Amino acid sequence: MDRQGNTYTFLYASVMVIVVAAILAFLSHSLKPIQTENVKVAKMIDILKSVNIESTAKDAKDKYQKYVGESAYIVNKAGERIDGVAFDVDLAKELKKDAADRAYPVYECKLDDGSTKYILPVRGKGLWGPIWGYLSLNEDKNTVFGATFGHKGETPGLGAEIEKEAFQKPFAGKSIFEDGQLVSIEVTKAGQSEGNIHAVDGISGGTITSQGVEAMLQDCLSGYESFLKN
Amino acid sequence: MSSEKEPLFSAKNLKLITTPLGAQNPITIQVLGICSALAVTAKLEPAIVMSISVMFVTVFANLVISLLRNTIPSRIRIIVQLVVVAALVIIVDQVLQAFAYEVSKQLSVFVGLIITNCIIMGRLEAFALGNKPWPSVLDGIGNGAGYGMILIIVAFFRELFGSGTLTLPGIGELQIVPDFMYELGYVNNGFMILPPMALVVVGIIIWVQRSRNKDLIES
């Protein structure tokens with residue numbers, strides 16, 4: 001066969017693409033369970049981090065079992081418990097639904113000192129892509145105990161700073177209610193939150209990401225309002 | 001081509017491994033693949049994992065292309081090379097996500113960007129298309145190692161002076177600068193962690209290499 005002819009070229013390209021596709025499909029399929037497991041463990045690490053429990057890929061599962069275990073549940077907009085596994089709720093999908101139909105996961109965490117914390121997952125938009133996080137509240141369901149945030153592709157050094165401790169730490173001790181009204185937490189311009197119990201400092205140069213965090217908290221917490229008031 | 005059988009590690013074959021480490025180093029001499037070298041060298045562990053990944057791709061891409069070299073229609077040879085490289089990179093990415101999730105998150109897009117690493121396509125065009133599989137594999141090892149060597153040297157200095165630690169795969173973070181040094185007023189150089197310092201360190205390596213080997217200096 002003529003190696004430079006059109007028929008040969010087309011055949012060659014087709015066969016090659018099919019073979020490569022088959023190999024990759026097989027590989028992707030056989031590695032999927034391990035990868036899903038990794039994502040789960042990473043989620044546990046994030047959840048634990050919002051109540052200041054450090055864990056690694058090795059011990060995250062045990063620690064999650066110990067501190068949260070079975071005490072995670074889903075509530076609806078009215079604050080009533082509904083059926084389902086909280087850990088498996090995909091927030092990205094829930095946010096596409098109407099607020100009234102969404103499932104709102106709550107992770108109840110019992111710490112070593114006997115206190116109970118409520119961990120609420122949040123998710124929103126940053127500058128370049130999704131941002132997400134976990135906010136933990138004290139037993140009064142008002143005072144923030146800790147917060148942790150993650151992002152898909154915010155600018156390193158600017159928006160990406162939301163995953164740094166310097167941004168997350170000031171959330172502790174803030175409160176999300178004022179006179180029974182949900183006010184959430186405002187992310188102000190850097191340096192302007194001082195003395196404000198409902199605000200933290202944003203990131204200079206990461207304005208849109210900071211505003212994204214504020215909007216994310218406002219949106220997601222509003223769904224929990226009834227639950228938090230009970 | 002000679003009719004005698006050449007030994008697997010003849011002087012000529014060994015040279016395929018050693019020249020890319022020194023006089024033909026892909027980063028310091030040919031200045032290819034620089035951007036990933038800058039991006040993943042803030043810590044030692046991602047640099048090591050990245051080096052292994054690139055070496056895997058250079059070796060197997062060279063091998064596959066060399067095996068296929070007489071069948072590839074020359075009009076679509078670049079596309080064929082791209083498909084092979086892209087497939088190998090996806091394999092690396094999937095395996096990392098399964099077995100080294102943390103590192104794969106740190107490397108993020110840079111694993112995918114191995115596809116565009118000029119070293120790989122350069123070696124396929126310049127070597128694998130015209131040579132037998134075994135020398136091609138050696139050439140892949142040599143160039144992968146030449147790239148990885150510089151990455152690891154740069155990452156070593158950046159992490160040591162930038163964070164005072166060294167992170168090794170499987171072992172974790174080791175604190176190298178002792179606490180009493182910090183108490184005496186030693187401060188980590190935060191500038192080392194920023195990308196420009198990678199460029200400076202690569203520059204210093206190029207300078208050292210050229211001052212030792214005068215042949216490399218352009219007239």
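Note that the numbers count up from 1, one per residue, in the order the chain is shown.
Cβ coordinates are placed from backbone N, Cα and C, and glycine is handled just like the others.
What TrEMBL says about a protein is an automatic prediction, not a curated fact.
Sequence annotations record features per position, and here TrEMBL assigns transmembrane segment to B:48-68 (among others).
Among the features that TrEMBL reports, transmembrane segment is placed at B:80-101 (among others). For the transmembrane segment (B:80-101), the list of distant contacts is 49, 53, 56-57, 60-61, 64-65, 68, 72, 107, 111-112, 114-115, 120-121, 124-125, 169: same-chain residues at least six beyond its ends, Cβ to Cβ under 8 Å.
Note on the transmembrane segment (B:107-124): residues 26, 30, 32-33, 35-36, 39-40, 46, 49-50, 53-54, 57-58, 61-62, 65, 78, 81-82, 85-86, 89, 92-93, 96, 139-140, 143, 147 of its chain, located 6 or more positions outside it, place their CB under 8 angstroms from a CB of the stretch. Annotated transmembrane segment per TrEMBL: B:107-124 (among others), in sequence order.
The feature transmembrane segment is assigned by TrEMBL to B:136-157 (among others).
According to TrEMBL, the feature transmembrane segment maps to B:190-208 (among others).
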> Who are the chain neighbours of the transmembrane segment (B:48-68) in space, where the CB to CB distance is under 8 Å and they lie at least 6 residues beyond its ends?
Replying inline: 33, 36, 40, 80-81, 84-85, 88-89, 92, 96, 100, 103, 107, 110-111, 114, 117, 119-120, 123-124, 127-129, 131-133, 136-137, 139-141, 143-145, 147-149, 151-152, 155, 168-169
